[in-house]
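Asker: Quick paste from Swiss-Prot:
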BINDING   ASP81  Mg(2+) 1 binding site
BINDING   ASP81  Mg(2+) 2 binding site
BINDING   ARG174, LYS227, ARG314, TYR315  substrate binding site
BINDING   ASN220, SER224, GLU228  Mg(2+) 3 binding site
MOTIF     81-85  motif 'DDXXD motif'
MOTIF     220-228  motif 'NXXXSXXXE motif'
Amino acid sequence: MPAGHEEFDIPFPSRVNPFHARAEDRHVAWMRAMGLITGDAAEATYRRWSPAKVGARWFYLAQGEDLDLGCDIFGWFFAYDDHFDGPTGTDPRQTAAFVNRTVAMLDPRADPTGEHPLNIAFHDLWQRESAPMSPLWQRRAVDHWTQYLTAHITEATNRTRHTSPTIADYLELRHRTGFMPPLLDLIERVWRAEIPAPVYTTPEVQTLLHTTNQNINIVNDVLSLEKEEAHGDPHNLVLVIQHERQSTRQQALATARRMIDEWTDTFIRTEPRLPALCGRLGIPLADRTSLYTAVEGMRAAIRGNYDWCAETNRYAVHRPTGTGRATTPW
């Protein structure tokens, strides 16, 4: 763990896919082919983030096209998220116009010709992600992608109004409209383990999904705090706590840490209840295996997110003042 990083007790083993180096080469080639990275200097900057390592940690058993998909979706997310760090992200109308074009790529009839490279890349990803999945999963994933994408409009409005959300509103926004719901769907896709419909909506599985979602979101908030603060972005739980409670930085960090510990503990207490749940519902053994595999994917994501956020150069502070430009690959 690099010096200066907040540390958390994440009681899951740290793992990384042994094919991550080759996966990164394929991933960077895809980013260049999609027009998301242009030129050798941009590629060198991007590689310093260890971009494929996050997918390799989340999907430590994946191979081939499955691993590539996982890495490519993360890479697209970095580029899409950073796109709104510029002028578009402070203009709700521009943001809405851009986001609506991205959402349109989820339509089976969508033609990406002439679209922005981010939307062309998203169309490619959605075709690859959705193809082997059930219609039920696809409908759920469309809803989650749409919620995530349209949340950028809310964030742009907040930036324009210089609005800081309440703690409760922020946690709800992160839970419903952050990148995590699409990533939880991605776990099912890459691990080839679709959660059986009868158990997906149960309190036990929803608790596991919720605690995974919030754990990863807020660990990310803590470890990216300096970068986001330097950029003037108020959408970070530590900053929200400080603003609402008029607390010190250390007090806000301590509150965030307690939340993360509680979510981790809840996950650990809930997981052992799954076999009995499946027994009560009469879930076939093959479907139980899919559920257990998806939950292992959640555990790998919780740990992998923490490890990668702590090791990547993406969250280094590139803007010592509020006027300088960040060193990014875009």
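Using the three backbone atoms N, Cα and C, a Cβ is placed for every residue, glycine included.
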Asker: Sort out the residues at least 6 away from either end of the motif 'NXXXSXXXE motif' (220-228), same chain, that have Cβ-Cβ distances under 8 Å to it, and list them.
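Answerer: Counting only partners 6 or more residues beyond its ends, the motif 'NXXXSXXXE motif' (220-228) has Cβ contacts under 8 Å with 5-6, 235-239, 253, 256-257, 260, 305-306, 309-310, 314-319.
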Asker: Find the longest CA to CA distance in the recorded substrate-binding set ARG174, LYS227, ARG314, TYR315; express it in Å as a whole number.
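Answerer: Pairwise Cα check on ARG174, LYS227, ARG314, TYR315 gives a maximum of 20 Å.
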Asker: Compute the C-alpha separation of LYS227 (substrate binding site) from the residue listed as 'Mg(2+) 1 binding site', stating it in Å without decimals.
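Answerer: LYS227 (substrate binding site) and the residue listed as 'Mg(2+) 1 binding site' have their Cα atoms 13 Å apart.
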Asker: Measuring CA to CA, name the entry from the binding-site residues ASP81, ARG174, ARG314, TYR315 that ends up nearest SER224 (Mg(2+) 3 binding site).
Answerer: TYR315
Asker: Using an 8 Å cut-off from the Cβ centroid of ASN220, SER224, GLU228, can you name the remaining same-chain residues around the Mg(2+) 3 site, in sequence order?
Answerer: ASP221, VAL222, LEU223, LEU225, LYS227, ASN236, CYS309, TYR315
Asker: Of the binding-site residues listed here (ARG174, ARG314, TYR315), which is spatially closest to GLU228 (Mg(2+) 3 binding site) when Cα positions are compared?
Answerer: TYR315
Asker: Taking just the CA atoms, what is the gap between ASP81 (Mg(2+) 1 binding site) and ARG314 (substrate binding site) in Å?
Answerer: 12
Asker: Measure from the Cα of ASN220 (Mg(2+) 3 binding site) to the Cα of every one of the binding-site residues ARG174, ARG314, TYR315, then give the nearest.
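Answerer: Of the binding-site residues ARG174, ARG314, TYR315, TYR315 has its Cα closest to that of ASN220 (Mg(2+) 3 binding site).
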Asker: Going along the chain, which residues six or more apart from ARG174 (substrate binding site) have their CB under 8 A from its CB?
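Answerer: The answer is MET180, ASN213, GLN214, ASN217, ILE218, LEU237.
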Asker: Limited to the motif 'DDXXD motif' (81-85), I'd like the whole-number average of pLDDT.
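Answerer: The predicted confidence over the motif 'DDXXD motif' (81-85), as a mean pLDDT, is 90.
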